[in-house]
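Copied over from TrEMBL, here are the features:
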TRANSMEM  31-57  transmembrane segment
DOMAIN    48-353  domain 'G-protein coupled receptors family 1 profile'
TRANSMEM  69-91  transmembrane segment
TRANSMEM  111-129  transmembrane segment
TRANSMEM  150-170  transmembrane segment
TRANSMEM  203-225  transmembrane segment
REGION    244-285  region 'Disordered'
COMPBIAS  248-266  compositional bias 'Polar residues'
COMPBIAS  275-284  compositional bias 'Low complexity'
TRANSMEM  301-318  transmembrane segment
TRANSMEM  338-356  transmembrane segment
Amino acid sequence: MDKKAPRHLVNDINNTGQQEEQQEFLNSLEIVVLSIVLSIIIIMTVFGNLLVMVALCTDRHLRKKKTNYFIVSLAFADLLVALVVMPFAAIELTTGEWHYGELFCLVRTSLDVLLTTASILHLCCIALDRYYAICCQPLVYRHKMTPVRVAAMLGGCWLIPMFISFLPIMQSWNVIGIEDIIKERISQTGGFNNTSCIFLVNWPYALVCSAVAFYVPLVLMVLAYQRIYVTAMTHVRQIETLQRAGSAPTTGTDPVVTVRTSTSSDPLDHYRVRSTTGSSSSESAPVANSRMRIETKAAKTLAVIMGCFCLCWAQFFITNVVDPFINYSVPGQLWTAWLWLGYINSGLNPFLYAFLNRAFRRAFLVILCCGDERYAQQRSRSLRHAQRACSPASANGTSMALRLSFLPNRSYSDNGRTILRNEQESQDSLGAL
């Protein structure tokens, strides 16, 4: 028995050593995989947002649309998130420690709140811009979205987050009343704030910050996109009516279009078609089908935009409001997961707001690999398509009624030029979704 005891002891030591080696290997493998995943997220976020900014700087056609200034400012905010916030968060997550001191912890946290809030406010401004562009008359849109107002909205997207980021955090307003809880958390990490960057907030700050950064923009976005969706579906129903009328036997008479200059808030109420029969009803189907595709694509894109926004940020801000009222018992791992899910939204925004836009895609092709020749070819094809849409045959048939049914309350010429311009503006607004 005395001789066997040492063998068991040696075996136990060997087994323990092997288990420790396996655990160390698994931990190292986990860190490597996590580092690769986080690096991919950061690189894709930088690439996508930088491409959007370069596209606007190099393409003069993109600079003509007000909406694109919101998109490029959004891309700048998301680019800063990827360059300034995400790398330090990734290092802290993979190493388990904060190596940059207490002061930079406050600066990094303030930048985190500032940039992510600015990104969300830009999404809200884009929703409001598209609401005015699609649901209101062009004259109303031009009155509402003047260059001065656009600049003020962009300034607000950057100034408002300052009041919930640097100002309260650097003044320590967010920790009033919870100093003991923070000290306890720091002691649990085994050191002072130079080895951990703990960010806890009291309930007043949590409520105000969450309302400004998420809940108010969410309500405005839901209302704006709901109205856009209703308008899109109304367009689809009117197109179906016009398409059925256009497929009826023609009588050779010109279409009779009733133009009403009422003060109704619905832009579709200003123009109604009494008779849509004409000499070229066969050409109405392609135009109607094209418009229906635009409307359907717009509705689907709205669902994707709101779905991604809520999926990325809802959990974080719900937890942010609930945590102070449950004695800060939410696990740190859950906080980290929700926070990185919000960071991912900065990488998704270029795909949702720029890559789905045809004009941006053309600019991306020029920047990346395809050169000016292909871009010019696409532009020429678009112009030829516009000329065909404004041909005399279609101008005398049902497609003219289709265009007039979506015209704003403004004057137009019989040669179709003004009609084409308004139709293109409407399609550009919907295509920007």
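From the backbone N, Cα and C atoms, a Cβ is placed for every residue, glycine too.
Keep in mind it's a predicted model, so treat the numbers as computed, not measured.
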Under an 8 Å Cβ to Cβ limit, what residues of the same chain, 6 or more beyond the ends of the transmembrane segment (150-170), are close to it? 66, 69-70, 73, 77, 106, 109-115, 117-118, 121-122, 125, 128, 205, 208-209, 212-213
If we skip the immediate neighbours and take only residues 6+ beyond the ends of the transmembrane segment (111-129), which ones have a Cβ under 8 Å from one of its Cβ atoms? 66-67, 70-71, 73-74, 77-78, 80-81, 84-85, 89, 145, 153-154, 156-158, 160-162, 164-166, 169, 209, 212-214, 217, 220-221, 224-225, 309, 313, 342-343, 345-346, 349, 353
Would you mind listing the long-range same-chain contacts of the transmembrane segment (338-356), meaning Cβ under 8 Å and 6+ residues beyond its ends? 38, 41, 44-45, 48-49, 51-52, 55, 71, 74-75, 77-78, 81-82, 85-86, 89, 93, 116, 119, 123, 126, 301, 304-305, 308-309, 311-313, 315-316, 319, 364, 433
Close approaches to the transmembrane segment (203-225) from elsewhere in its chain (Cβ under 8 angstroms; 6 or more beyond its ends): 113, 116-117, 120-121, 123-124, 127-128, 130-131, 160-161, 163-164, 168, 173-174, 302, 305-306, 309-310, 313-314, 317, 320-321, 323-325
